[in-house]
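Single-structure report; data block below.
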């Protein structure tokens, strides 16, 4: 991470109602639990205009509620200013990455490091699939938890997040120990 006292991360997906607000909420919870949320600027946005002004998908909200992860967000589109003001822009799939790189090329001397969030996954799941049509939100939450934990640096690579159906995110090692 960069050496400044305030760090910043922007999570990106297509519509900003499923994957990116889940990643934002999970990361904010991690930073809050670690007592450093005030040292982070954390947000999420979309590459498209499809869902601007809408709340997160109801299934993602229900998933976050089940795991006691606060979620409050209104969908917005990534802006040119975001490429200048965020240190990291982490996206969910190759289409997002391509769109972001194209947009970044129109911003002179942008500072953001643009990456796939999945590049931090110790289980090597590079692409975080869109749950809007098929995949359960719990799967996105698990993957986001692993990736965000490794991005943040709170977990060694041999730890993974598991989602309990009635409990919050819990850290376990590969042998299932807490």
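Backbone N, Cα and C define each Cβ position, glycine as well.
Noted in TrEMBL for the protein shown:
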type: ACT_SITE; residues: 13; note: active site, nucleophile
type: ACT_SITE; residues: 19; note: active site
type: ACT_SITE; residues: 130; note: active site, proton donor
type: DOMAIN; residues: 7-154; note: domain 'Phosphotyrosine protein phosphatase I'
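Feature annotations (TrEMBL) mapped to structure.
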residue : record                    : Cβ within 10 Å
13      : active site, nucleophile  : 30
19      : active site               : 33
130     : active site, proton donor : 18
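Sorting each residue of the domain 'Phosphotyrosine protein phosphatase I' (7-154) by its DSSP state yields 64 helix, 23 strand, 61 coil. Note: the Cα of residue 130 (active site, proton donor) and the Cα of residue 19 (active site) are spaced 7 Å from each other. Residue pair residue 19 (active site) / residue 13 (active site, nucleophile) shows a Cα separation of 6 Å.
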